[in-house]
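Okay, structure first, notes after.
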C-alpha cells in the first residue's frame with residue numbers, strides 16, 4: 001500500500017487539516033506573517049536614505065523575498081514580462097500586472113487587467129492610493145510599501 005492509498009482512510013494528518021480548514025489556514029497565515037514582518041525592519045531603517053518623493057517596495061513573501069525595488073519614476077510597471085520595471089517571475093503574475101504611479105505627491109497602485117488581481121492589505125483593488133506600510137499582493141508576491149521623506153515645497157520658505 002502506498003502513502004497515497006493510506007490517505008483514503010480515517011487517518012487525518014496535520015497537513016490535511018491545514019489544507020481543508022479555512023479557519024486554521026487564516027491563523028496559519030497570520031503566524032507566517034509574524035516572522036516575515038521582522039525581515040522588513042532593516043528596510044524600514046534604510047528608508048531615511050531614500051530620495052525625497054520616492055518610495056521602496058520590499059518583497060516580504062515570494063520567490064525573491066528580501067528584494068527591494070525603488071519607486072522613483074512617474075510610472076513603474078510590475079509583471080512577468082521581462083521588460084517590466086519590477087520583474088516578478090511566477091505563473092501567478094500576469095505579464096503586465098500592475099503599475100505604481102506617482103501623482104500629486106502620492107503613490108498609487110493600479111491593476112492593469114491582471115488575471116489574478118492586485119490586493120492592498122488583502123483587499124482586491126483596481127487602484128488604490130498607498131500609505132506607508134501597506135502590503136501589496138501581486139500573484140504570490142507580497143510587497144511592503146515604504147515611503148521616503150516627503151518633498152515639501154510649500155510653506156518651507158523662511
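The backbone N, Cα and C atoms fix where each Cβ goes, and this holds for glycine too.
Assigned with DSSP, the residues of the domain 'FHA' (76-125) fall into helix, strand and coil as follows: 0 helix, 24 strand, 26 coil. Taken from Swiss-Prot, the feature domain 'FHA' covers 76-125, and the record attributes it to sequence analysis.
Sequence annotations record features per position, and here Swiss-Prot assigns phosphothreonine to 20 (among others).
Residues or ranges marked as phosphothreonine in Swiss-Prot: 21 (among others).
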Model confidence over the domain 'FHA' (76-125) (mean pLDDT, whole number): 97
